């Protein structure tokens, strides 16, 4: 006995979405997926209902009203989206496919039924107290979309998305957190979204977003991931790319074509049956190749402030909010874990709690240096601490009028940690090194002022741990001894390189190897 074709098609769609999303909870994902399909079916049924179509005929920007031929609608997020790494299943269909613009109405556009005599902003009269009654049965999940209930949306007026635009609203964002459950079975992260682009296209996108505040301070790897994740969207002439008052999900960069921007006054909808030009509003500006718009949609789901209408065939590059935020969050999560691992290897920080190390890692600032450029110079006052994230560095010391290389540093090594205790002069010069001229040194840095602002004076933290370990009478002595035992340059890295480590300690310029602060033991070792 053969299975119905609709059943087979439904299972194929489910298998496709499961393969894309790779849900941690397959049962919950399937339940949400079928509920979403059921809701789409009910909504499509209502859209074809005669009463609903008649009521909706006078609504501006509806699927059967006058105006632009199509309205771009990317749809909602896929059900069961457990984390941003599952963004591949966020959108179910191509919004620019033929016929996509005039499809089913979005859920957010379905208005709540209300009495004909009640305006959207009016306050209902208080209800007359009634005798206690038995608890009401739970409402059916799709009762508001039609059925046997006493109220039906097919009998209510359809309210345009701009009816409540002037009222104060709350701004919120999706809750997102990187989860190990969304990684591959071997523990590696899910593959990134990469859409091929030519170098010329990459350059045009860089030029369009280079001065945008959202992208200006992105790190190099984040910036590259954002560019690669943008997808190409082709739009015909006279298509509404974004509509004023609709929820925004996408940021666009114009590669080819022209678009006009219109802004409609809040009371334009209530002025009888306006023309198509009145519904669009006043033309404010035109966009051409290299322009960008919709960047606020990358931050939160806020209604669009204007309508953008294509005046010719256009090629756009689109980036959705979930992809953008997940790129930033996944990158920041990996970087934070890397920084915390580095901090655990620094003797001054080994007794900090996990929460304290997390605060420090979040405040570290990334810097880059070209080959031969000095990071710190011998003799200058130190106020910052450095950890090498990528690249190599040389430790140089001036001896008898000449500069000599006394050590080499690489990924994970640190230097300048005593700057968090005092502003003693630097004991050596640390400069970027590399095998090629284009080699780069990437370090993260933290100032003594930032450390004190987050955790308080480092000397106080050392004294606290000494007190916990040795008691009150030894706290100050051991805290000072621990501070004296630290070196301004990572001596472990110098020992590995076989370099001479006998330059004076920065806290005591008169000390010699084996004497004074240089040989002070570490009480926390």
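Every residue, even glycine, has its Cβ placed from backbone N, Cα and C.
According to Swiss-Prot, the region 'Dimerization and phosphorylation' annotation covers 28-213.
According to Swiss-Prot, the feature region 'Disordered' maps to 114-146 (among others).
If you look up Swiss-Prot, you'll see 124-146 marked as compositional bias 'Low complexity'.
Look at Swiss-Prot and you will find 170-196 (among others) tagged as region 'Disordered'.
The phosphoserine feature in Swiss-Prot is assigned to 170; the stated evidence is similarity to another entry.
The nucleoside 3',5'-cyclic phosphate 1 binding site annotation in Swiss-Prot covers 214-345. The C-beta environment of residue 231 (nucleoside 3',5'-cyclic phosphate 1 binding site), restricted to residues of the same chain at least 6 apart in sequence and closer than 8 Å, consists of 195, 317, 318, 319.
The feature 3',5'-cyclic AMP 1 binding site is assigned by Swiss-Prot to 295, 304. Listed in sequence order, 212, 214, 251 are the same-chain residues six or more apart from residue 295 (3',5'-cyclic AMP 1 binding site) with CB atoms under 8 A from its CB.
Sequence annotations record features per position, and here Swiss-Prot assigns nucleoside 3',5'-cyclic phosphate 2 binding site to 348-472. Within 10 Å of the C-beta of residue 428 (nucleoside 3',5'-cyclic phosphate 2 binding site) there are 25 other C-beta atoms, taking all protein chains into account.
The 3',5'-cyclic AMP 2 binding site annotation in Swiss-Prot covers 417.
Taken from Swiss-Prot, the feature region 'Disordered' applies to 497-525 (among others).
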Is it possible to get the count of other C-beta atoms within 10 angstroms of the C-beta of residue 348 (nucleoside 3',5'-cyclic phosphate 2 binding site)? 21
Taking the Cβ of each of the binding-site residues and counting other Cβ atoms inside 10 Å, which one has the highest number: 248, 412, 460? 248
Quick one: Cα separation, residue 444 (nucleoside 3',5'-cyclic phosphate 2 binding site) versus residue 316 (nucleoside 3',5'-cyclic phosphate 1 binding site), in Å? 36
According to DSSP, folded down to helix, strand and coil, what is residue 333 (nucleoside 3',5'-cyclic phosphate 1 binding site)? helix
Across all the protein chains here, work out how many other Cβ atoms are within 10 Å of the Cβ of residue 380 (nucleoside 3',5'-cyclic phosphate 2 binding site). 12
